[in-house]
Amino acid sequence: MPTKAARSAADYDSQDEANTELLEKLKHLDRRVEAVESGGGGLCSRSAACWQSLKWKSALNHIGLLVSLSIYCGVGGLIFRHLERPAEVERLTQLKDVVKSQRERFMSTILNNTEVNNLNELLSFELAKYEAAVQEAAEGGLLIVADKDFPEPYERWSILQAVFFSSTVLTTIGYGNIVPVTISGRVFCICFALIGIPFTLTVIADWGRLFASAVSVFGKHMPTKPKFTNFIGKTWFYAILAVGFLGVYLAAGAGLLLLWEDDWTFFDGFYFCFITMTTIGFGDLVPKKPNYMLLCTLYILIGLALTSTIIELVRRQYATSWAKLQELSGPMAETLRRLGETAGTGLDYATLQKVLTVSMPKWSSNKKNEHNSDIAALEAITNAILKEVKEAQNSKPKVLQIVIYESSV
């Protein structure tokens, strides 16, 4: 028989083996947990990297559209310059020759006909012809300075002016101060506008939605919101905020134009910016300094995007209002129609109360807090209708009895 010591040693060995096996299982379990956690962390890191790549992709899409439009506008401006500049030079040369010849003829008439009897008539005739030539040259773009050989104050179809003109074509502003006069230039303008205008509207709408989302995010993260937002709604508040920012943007543009254009006032600059951003484009005020035309083009594109932002925010408000109206119009409209059909026919009060209760719109639970005010207003309207119908039924109308007698007379 085994001794007590031998049995204790055997028990100790079996317990030690069991403990060792348990430790191995725990270590294996720890390794599995670590693997799962590391895998989960990798999944989280991959999700974060994917989200980051999506954000970069979205940003590159917005920037890519704007860059593509800028390249299209620049290439169009270069083509317009190539087509229109030679004709412009030829036209200005003809105007310059005409005004020079009329000036010389007028001066020769004064110097060589001093003894003619009808000198006054002759001078008036030659002066009228010279004035007409001067007026045509001035309207054509020449500076009436004989000492400088009637120079061109600025090049109408310079590279910057041509790019600015192409931007006015794409944005449908069309000031009218520079127009193509050649057949090839006009044909290219038609093709350029047919392709470029939808492209420009796409870019403006894209940046308008981007700005609208930015305004909404800014409004949601405002620390304190004005109290009047409870009355006008958040979407209208965002629209008013965008309109205010657009006013600041117009004022900033007017200030820059005031620095660049010597003969403009602040109101002239603000008026020009407003007429431009609304694509009215009268053309009565147009910048003439070619040094900042590219900056002005970029300013116009961003401003049109801001204008599109306001349109987008107002559209969202209309969509929200229409959704609420549709949510209320279905059962309630049917109830009011049935009420109108049974008016004056003794509609039972209990039946009416049941119909109105069933016809109440079913609000989802996740919108409970959001629509508490709407539900309260609807219940108040329902109670008012029920009260009015009950009072009408309780009060018996007075009956006037008319008796008509017929006699043999």
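Quick reminder: no glycine exception, Cβ is built from N, Cα and C everywhere.
Remember, TrEMBL labels are computer predictions, not curated facts.
If you look up TrEMBL, you'll see 63-83, 157-175, 187-205, 236-259, 266-286, 292-314 marked as transmembrane segment. Taken from TrEMBL, the feature domain 'Potassium channel' covers 152-211, 246-315.
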| message | Using a Cβ cut-off under 8 Å, which residues of the same chain at least 6 positions beyond either end of the transmembrane segment (292-314) come close to it? | response | 66, 69, 73, 160-161, 163-164, 167, 171, 173, 203-205, 207-212, 215, 235, 238-239, 242-243, 245-246, 249-250, 253, 256, 260, 273, 276-279
| note | Ranking 63-83, 157-175, 266-286 by Cβ pairs under 8 Å to the transmembrane segment (187-205) puts first 63-83
| query | Cβ under 8 Å to the transmembrane segment (236-259), counting only same-chain residues 6 or more beyond its ends: which ones? | reply | 211-212, 215-216, 218-219, 225-226, 228-229, 265-270, 272-274, 277, 287, 299, 302-303, 306-307, 309-310, 313-314, 317
| What else in the chain is close to the transmembrane segment (266-286), if you only count residues 6 or more beyond its ends and a Cβ gap under 8 Å? | 168, 171-177, 246, 250-251, 253-258, 300, 303-304, 306-307
| note | Sequence-distant residues near the transmembrane segment (63-83) by C-beta distance (under 8 Å, 6 or more away from its ends) are 157-159, 162-167, 169-170, 180, 182, 184-185, 188-189, 192, 196, 199-200, 202-203, 206-207, 297, 301
